[in-house]
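Taken straight from TrEMBL:
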- 221-352: coiled coil (COILED)
- 157-166: compositional bias 'Polar residues' (COMPBIAS)
- 174-192: compositional bias 'Polar residues' (COMPBIAS)
- 17-129: domain 'WH1' (DOMAIN)
- 133-192: region 'Disordered' (REGION)
Amino acid sequence: KILWESSIEQLQCKSPLGIMGEQPIFSTRAHVFQIDPNTKKNWVPTSKHAVTVSYFYDSTRNVYRIISLDGSKAIINSTITPNMTFTKTSQKFGQWADSRANTVYGLGFSSEHHLSKFAEKFQEFKEAARLAKEKSQEKMELTSTPSQESAGGDIQSPLTPESINGTDDERTTPEVTQNSEPRAEPTQNALPFTHSSTISKHWEAELATLKGNNAKLTAALLESTANVKQWKQQLAAYQEEAERLHKRVTELECVSSQANAVHTHKTELNQTIQELESTLKKKEEEIERLKQEIDNARELQAQRDALTQKLQEVEIRNKDLEGQLSDLEQRLEKSQNEQEAFRNNLKTLLEILDGKIFELTELRDNLAKLIECS
């Protein structure tokens with residue numbers, strides 16, 4: 001079974017889409033990233049643009065995988081195990097660690113909805129993988145023989161694929177157990193000699209097969225031990241990175257408190273600016289009003305100057321009229337004086353005329369008397 005699974009893994013490495021019977025069950029589009037293998041800190045984009053990321057189900061092995069292709073190149077080929085965890089690091093970005101590939105994958109989505117849907121599917125298929133693993137272990141326990149015969153040495157218990165390849169969080173070293181119970185041998189009365197010989201050959205062949213498997217498992221055990229040391233180093237590096245990130249979070253929290261103070265100060269400044277803008281607007285309105293008043297005052301000044309000029313003209317004309325009136329008064333006075341003198345002369349003439357008339361009357365009377373006397 002282990003050899004068969006190993007050949008399956010080799011086929012999957014050659015063909016990212018997997019073996020026959022593996023079908024896509026959910027697909028989405030995202031930008032794919034991998035953690036920098038040197039620094040273990042920075043993200044390295046593995047696709048220039050958004051690519052299709054799909055969940056695949058292998059019905060023959062009952063496993064789930066995440067696969068993404070950029071052209072003909074497989075940029076994601078990750079088998080989901082029960083110990084994997086998909087983490088949302090932001091509203092549009094999520095990541096998970098794949099210890100088999102010895103990397104951390106990151107996906108950048110176009111919206112938070114796509115990220116949530118991908119995370120839900122990850123949790124769903126992770127749970128399905130856990131149930132499948134439990135069923136597989138139960139099936140192996142039921143189908144395995146209770147004891148095996150040991151010839152000249154102990155036989156190691158078979159290792160599961162999970163114990164060979166390890167889990168995502170930490171691969172543990174499989175334990176080597178001894179089979180202490182001897183296999184029950186059939187009696188001569190129950191089986192014929194020929195049948196017993198056939199069974200003996202069968203068990204010898206099976207023992208040789210188990211020895212070969214034991215050697216392969218030992219090599220896998222050594223490799224797993226080396227991988228455990230490597231993963232312990234990676235775990236220490238991740239712990240250092242976690243401490244650094246914790247310090248960074250603390251610094252960001254301090255910066256956030258300062259940012260809150262800056263935000264409060266900014267709010268106060270905005271209020272002050274609004275008040276100043278309101279005051280400036282009032283001043284501008286007052287300036288406009290004063291400009292209108294100045295324009296009105298200029299118009300009134302112009303009217304005043306025009307009226308003053310007219311008044312001066314009227315005063316000059318009044319002076320001319322006063323001079324003319326004075327002349328007329330003088331002429332009138334002179335005329336009155338002349339009329340008075342003419343009246344006086346006329347009166348004198350009338351008095352003289354009256355005297356002459358009286359004398360003529362006396363003369364007429366005297367003449368009349370002389371006529372009568374004569």
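Backbone N, Cα and C atoms are what each Cβ position is placed from, and that goes for glycine too.
Under DSSP, residues within the domain 'WH1' (17-129) fall into helix, strand and coil as 18 helix, 54 strand, 41 coil. Confidence annotation: the coiled coil (221-352) carries a mean pLDDT of 87 in the model.
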